[in-house]
Amino acid sequence: MKDLLRFLKTNNKIEEFDTIKISLASPEIVRSWSFGEIKKPETINYRTFKPERDGLFCARIFGPVKDYECLCGKYKRLKHRGVICEKCGVEVTQTKVRRERMGHIELASPTAHIWFLKSLPSRIGLLLDMPLRDIERVLYFESYVVTDGGMTSLNQRQILTEEQYLDSLEEFGDEFDAKMGAEAIQEILKNMNLKETCNNIRKELIDTNSETKRKKLTKRVKLIESFIKSGNKPEWMILTVLPVLPPDLRPLVPLDGGRFATSDLNDLYRRVINRNNRLKRLLDLAAPDIIVRNEKRMLQEAVDALLDNGRRGRAITGSNKRPLKSLADMIKGKQGRFRQNLLGKRVDYSGRSVITVGPYLRLHQCGLPKKMALELFKPFIYGKLEINGFATTIKAAKKMVEREESVVWDILEEVIKEHPVMLNRAPTLHRLGIQAFEPILIEGKAIQLHPLVCAAYNADFDGDQMAVHVPLTLEAQLEARALMMSTNNILSPANGEPIIVPSQDVVLGLYYMTRDRINCLGEGMCLSNPKEAEHLYRSGIAELHAKVKVRISEYNILENKNIVKSVKLIDTTIGRSILWMIVPKGLPFSLVNRVLGKKSISNMLNTCYRVLGLKPTVMFADNIMYTGFSYAAKSGSSVGIDDILIPLKKSKIIKNAEYEVSEIQEQFQSGLVTAGERYNKVIDIWASANERVAKAMMKNLSVETIIDGNGKENKQSSFNNIFMMADSGARGSAAQIRQLAGMRGLMAKPDGSIIETPITANFREGLNVLQYFISTHGARKGLADTALKTANSGYLTRRLVDVAQDLVVTEDDCKTIFGITMTPVIEGGEVKEPLRERVLGRVVAENVMNPGTDTVLVHRNTLLSEKWCNFLEKNLIDKIKVRSVVTCETNFGVCAKCYGRDLARGHLVNKGEAIGVIAAQSIGEPGTQLTMRTFHIGGAASRLASESNIQVKNKGIVKLNNAKFVINENNKIVITSRHASLKIIDEFGRTKEKYKLPYGAFVNKKNGETITSGEVIANWDPHTMPIITEVSGYIRFIDIIENQTITRQTDELTGVSFISVLDTSERIGINKDLRPALKIINLQGKDVFLPGTDIPAQYFLPGKSILQLENGTKINSGDVLARLSLETSGIKDITGGLPRVADLFEARRPKEPAILAEISGIISFGKETKGKRRLVISPINGSDVYEEMIPKWRHLNVFEGERVEKGDVISDGPESPHDILRLRGVHAVTKYIVNEVQDVYRLQGVKINDKHIEVIVRQMLKKATILNGSQSEFLEGEQTEFSRIRIANNNTKSSDKINYSRDLLGITKSSLATESFISAASFQETTRVLTESAVSGKIDELRGLKENVIVGRLIPAGTGYSYHQKRLLERKKRNSIHKSSVNHVTLDEASENLKELLKANLNDN
């Protein structure tokens, strides 16, 4: 019977499954897996190489070594399949069963599983509520544990040392049980009543008040409940039977010379078997306790080492002094099972070779070497040869191919025709790193690549290699052609702009072609059409740059798709009219009629794609490339040393700078400036000198004087080769030319500080030894940085992909009414990013109204295309609420409307698009372009720090935002609020400029007044912070007592005396509680109230503030009462580049974060402690006050009696995203993270669409903490998926809604907190994740991409999405049928059925 079952088991291999569950294996389950017990440590016989019986490679247990042949050779061949040989006991079957049949070892004494013991938090420890140290002492036979206290004073689980045990024995005899080792722990676990324990803890939870105890109890409840729910038994954490891995998964290979190469696991298993057998023998002999104990301890250690070597104590090493690789090491880390074999496999039908340029290829083609193609397409060739009758058998075909007969090459051509291949360049940082091409057979051994796809691959031809993969099945070929073909990937998924853009030679060629020159041959001609222009150029009658008039025919495409032709005579050049011949119909001539640089060419392709669509764009791109190459060759551009022109002014500029530096040096020596100021000033002088030299140099290079036809001097843009290359954007930049022809400038030391002696020479003049030595620092640092950067950037991408991998578009519309408000990004006086770029391709969340009227311009749920954006710009809208992924209400996915446009395709995103992975790639791919450094503020940066006024750049109207202000006696506005900002808007109400206004700034214009450009609108003292009165009256001193709370000082230079308030730390004794303040009173001595409130005007003076008023002085509103010097807030380093992006996505709390107001109310200060101030916020509605202790050195932005709103900044500093989420909500934190990340990328000139960052933010916000679970299955304080709470809340009445607070998790935490344990385990901390999941019997729904890749099926995205949807429907159907069939049988029917069955059975008997 068993054999029959076994046979059925082997045949029925394909198992359809929907979920995967991980749990603890009971001893019975382990025995059911096993095909026999392993009793001996032997492996194979060294002479015969046959496996030993009952050993680790036993053929009787694991199966035959040769296919269909038993070990002794009695039964051979297929006809005996399934027979079990009576001589050697081996079943005759395939040898591959040795990969799947397991064995087992019956342990003589139970041993604890190290994962559940040592993986923190220790599961056994938590369950037993015993410290880990105590459990370890019991397990490793150092102490006893009481398993049953009986009627004695001993408690269960009490730890006894050897002496205490003997004493207890004397005292109580055998009234109690105490044991040591894993048996003891196993017994305690077995006797636990989980349900009862759980109820007791829950009762205790209600009674307890201590926070730490509460946390611990909650953890225990969760663990015990997961045991109850999953059906795992606690005693299974102690092993009594050890499963043994199939032998072919831990191979033993004979090497020549009689030695063996073996897997480390065999050593580890051998140790366990040896010790186990010895222990059995000792127990049979009834050996002394101490010996048995030692043997048991050694067995426990051997099992530990097998499961996870090195987790406890020293790792066991092999003969080569290296730690042995245990089972845990097999699955974790980069070389482990998950990352090495499941997520990244090597594939068949692939090859790699060096790439060279294929300038004659079309965009969808690549050159494939014949040798390579022959090898890759072998099976296809064999098939074709057989079908066409050239070969009778496959073997013959094989021979023909080996001989490389001529017919083979013809067949190869046929096979390859329209069969796309995929080219991949490592590192594949985004999806454009693999694209499909049609192969063209070429001679040679290098793959030829189309130059325009180099940008997407980030490839160059300096020895890069690429891999070729052949899609085999029809579906694969179809997908390669429809989705991956290079012609279908013209736009970048990161920002929606063309990625197929010409660079280098092509750009230079087009630039040269479209330049004009005065006084060229053929200037002033009138030509009938571009064809004639080309003819004249070819025959040498006119030059390429000659200014001529040409009759041009333009074709315009109207709204109704009709094409209108218009003919004009246009001033242009010969070159531009030749270029016009390749521009597709439908584009305006103005696109070509200018000097074309890299930006304008990209713009031209973009316009072409939006107006004409894919096909014309692809052909246009190819034509641009051919033309560009051709004219770059004709231009004969090359760089010579004479092209590097050094400006004449250079020496003078440097002399002046040296003179200024010597002046500063003198000032320093006479003590007028400090060392730091001197250093900063010197660096500033040199930096500006460098700028001046660069300006002079560029002026010199970029303009040449020429004499025109009338004999007059004229200036025109220069034809200097170096300038042309930089100006066109082909290669090089102003900064590089500056090093060639200007001066190299300031260099940095290895620690990042700037060396104050600059390199005044350039490369044309050459450097002297010292200058050369200084410049080596920078060069080396650059190389070291690059290596670091690549690793860090790769790790960031990996974390991003992991956190977002399961986010897929799953429905069309989630019908949400929420969204986020978009405004243009304005910093200071310039628009960094206009609104159209931020909202293009998004869906409108609520109707956009025409300002001032109530007509709807754009209706809700409209996808904003280029046309709509132009319309919005025309109507001067500068604020739109758009749908966003963050506010999308789809559970386990996102809806298409909230995501908007698929950037790489230009239409609304399709269902099944893996937007999470695309977002992660878009953010991670440019990571290598970011800097690694933290900026130390010095020199140039310190000048920016102290702005003291605002000078506007545009004409417009002044608008103050959330500004409280008073008007002083000079009729100026004085700002008295913290977050005031000032906007300049144009006559249509669009924001042109935006500035922050500090407290105490004087504003020269009132709200709504007009202002002209260049006017100074506001000014303030950047070095002090004033305290300003909002009322007029007379001053009365309170608690201002000389030498107790204040001191009087006189300024040495001016002779003016002033009062300085002492800090609390400087006061003595009783004076510490005095609170110096200024009260404002009227003539009658009564309090004056703050405007609009009933709070008396009283201003408290913080320590170190300076007063220049006397008691009783008359003051007016807007006057300064006291000043605080701001010099104390030291300069902090700014983290920039990659580390900053990583910090934001990991949601790290800054070191000294800004302190925000937790509630709205009035500020006051309570009793101080030694180093801290007590800040009290009293709500206006009279509910509970909020208190917070703030360190004294923190500079506070608020004064006593001031009113703050929830989330206002109380003390400056970098804001913590967690605080923003808690106090200002999801929208604010989204906006914060998006803007901060964009700032870093914008600095490097990298464009990424906001929605990608929003996708990652959505994943960071996917968890929430339950505040009160009401009647639901959730515990208070439990962290769970936000979508689960949303589902629960949608299904309950409004009174029973669950209260929760959203959590912001960093991307690493969020990846590990995913519901899928397979995904989490393959990411990081494999052991911990698997331990946790096994205990709670987790079920993996296989929702994400990663899990499905690991179990080896189609991913639920893209073309695999429909397959998974189908399976889901089938599953639902099955479930409903199952339910209905269960429900339809009544009780009578059931009893009837039973009677019938019994009758039938009786009759049979």
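For all residues, glycine too, the Cβ spot is worked out from N, Cα and C.
If you look up Swiss-Prot, you'll see C70, C72, C85, C88 marked as Zn(2+) 1 binding site. Within the same chain, residues at least six positions away from C85 (Zn(2+) 1 binding site) with a Cβ under 8 Å of its Cβ are C70, L71, C72, K74, Y75, E91, V92. C85 (Zn(2+) 1 binding site) falls within neither a helix nor a strand when secondary structure is assigned with DSSP, and so counts as coil.
The Mg(2+) binding site annotation in Swiss-Prot covers D460, D462, D464. Following the DSSP three-state reduction, the secondary structure of D464 (Mg(2+) binding site) is coil.
Within the same chain, the residues at least 6 positions away from C898 (Zn(2+) 2 binding site) whose Cβ sits under 8 Å from its Cβ are C814, T816, V843, R883, S884, V885, T887, C888, T890, listed in sequence order. Sequence annotations record features per position, and here Swiss-Prot assigns Zn(2+) 2 binding site to C814, C888, C895, C898 based on sequence analysis.
According to DSSP, C898 (Zn(2+) 2 binding site) is assigned to a helical segment.
Residue with the densest Cβ environment among the binding-site residues D460, D462, D464: D464, by other Cβ atoms within 10 Å. Fewest other C-beta atoms within 10 Å: among the binding-site residues C70, C72, C814, that description fits C72. The distance from the Cα of D464 (Mg(2+) binding site) to the Cα of C88 (Zn(2+) 1 binding site) comes to 57 Å. Note on the binding-site residues C88, C888, C895: the fewest other CB atoms within 10 A surround the CB of C88. Other than the site residues C814, C888, C895, C898, same-chain residues with C-beta atoms no more than 8 angstroms from the centre of those residues' C-beta atoms, the Zn(2+) 2 site, are E811, D813, T816, R883, V885, T887, E889, T890, V894, A896, K897, Y899. Across the fold, the C-alpha of D462 (Mg(2+) binding site) and the C-alpha of C895 (Zn(2+) 2 binding site) stand 44 Å from each other. In sequence order, I355, A459, F461, G463 are the same-chain residues whose CB sits within 8 A of the CB centroid of D460, D462, D464, the residues recorded for Mg(2+) being left out. C895 (Zn(2+) 2 binding site) and D460 (Mg(2+) binding site) have their C-alpha atoms 39 Å apart, to the nearest angstrom.
For the recorded Zn(2+) 1 site, residues C70, C72, C85, C88 set the reference point as the centre of their Cβ atoms, and the other residues of that chain within 8 Å of it by Cβ are L71, G73, K74, Y75, K87, G89, V90. A gap of 63 Å separates the Cα atoms of D460 (Mg(2+) binding site) and C88 (Zn(2+) 1 binding site).
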